Amino acid sequence: MTEYWPDFVRESEERITELNNALLTLERHPDDEEAMENIFRVAHTLKGNCGAAGLERASDLAHAIEDVLDAVRSGDLEVSPELMDAIFDAVDELETMVREVDRHGEIETDPSNRIDALRDHLEGPAGLRSPTEAEIDDVVADLAQPANDDHEAYLARLSIADTGEGVNDGMLVVEALIDAFELIGTEPPREAIAAGDYNCEIGRAS
């Protein structure tokens, strides 16, 4: 296989350059469908080439990049500075891995952190999942004011990051829910959220 490394490295470097250029275009013009299609095509090619070469780590990283780009293409993810940073970092690491193949004939870099960073964007804030009906019932049952049987009750599970700007983002969310819904209660209590506890579960009824 080693006799094929020069061809693999050359083509991979060309594809990575093409990918970076298309990503820059997408960053400037998030609605550019042609750039999006080019990006996805190149990422798919890189994944396939790495897999065919038996480079599992590189293939896994390219696969994660492809999955994120597919989510952007389908409209499930929006182009944001944070997302683009994660993608550029992953592409840079993929380029590092290609250089390692060129120099040493093998990959030394562990891409786990980059893959996790990309997957975090696919999973949403803190990897939160939707609550089950049983969890919703448990929270509503524990709240002081029971939900009216004529209305559906919903449980919103939120993880709120500290922006470092001195703003209580938790209370902003609570106030927004009050404006939009009949708020049954919160867990932890609203007083705790007002004190700055940003990891909260909020029950609401509409």
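Backbone N, Cα and C define each Cβ position, glycine as well.
Straight from TrEMBL, the features:
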DOMAIN    1-101  domain 'HPt'
MOD_RES   His44  phosphohistidine
Across the domain 'HPt' (1-101), average pLDDT on the 0 to 100 scale: 91
Spatial neighbours, same chain, of the residue listed as 'phosphohistidine' - Cβ under 8 Å, 6+ residues apart: Glu66
